[in-house]
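Q: Below is one structure. I have some questions about it.
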Amino acid sequence: MYLMSLWLQFIKGLSPLYAGLYMLPAAVFALIASLVMPYLLTRFTARVIMFSGLIFTTISLILPSILDYRDLLSNTIYLGLLGIGSSLCLSTTVTVMMNAVPAERSGGAAALQETAYELGNVLGIAIIMSITSFIIVTI
């Protein structure tokens, strides 16, 4: 998502506002999926929901390489699938983790989960941006 906003601004020439609006479907569909996820968790196991989220995410990352990705409708579909997939995985992980600890330890569990999430974000961005910077410099 971070690289996509840079791609939209520097390669496609969109302003930061339009780049944000272009990526809005991911946030909207992620919100919808996170609201539906508790209901899904009563009907399916966490493993099935997370696997479904990974399938949605995988499809959203493969489709742009196969089909045309230049029009707004296609990008809405791809980003919508990405939002659904990532939200199903993240929401399910948080819910399962918080349900696995006693109520008196929920504060520590939430802090640990959030720390791990943020650490993963920071390391992921650092690695991807380092690779991207290396590729751009060598080109």
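For all residues, glycine too, the Cβ spot is worked out from N, Cα and C.
Features from TrEMBL:
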type     : residues : note
DOMAIN   : 1-139    : domain 'Major facilitator superfamily (MFS) profile'
TRANSMEM : 20-41    : transmembrane segment
TRANSMEM : 48-66    : transmembrane segment
TRANSMEM : 78-98    : transmembrane segment
TRANSMEM : 119-137  : transmembrane segment
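Neighbours and distances for these, please.
A: With DSSP classes pooled into helix, strand and coil, the tally for the domain 'Major facilitator superfamily (MFS) profile' (1-139) is 122 helix, 0 strand, 17 coil.
Same-chain residues lying 6 or more positions outside the transmembrane segment (119-137) and placing a CB less than 8 Å from one of its CB atoms are 2-3.
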Q: Which residues of the chain, 6 or more past the ends of the transmembrane segment (20-41), have a CB below 8 A from one of its CBs?
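A: Distant contacts of the transmembrane segment (20-41): 1, 4-5, 8, 14, 49, 72, 75-76, 79-84, 86-88, 90-92, 95.
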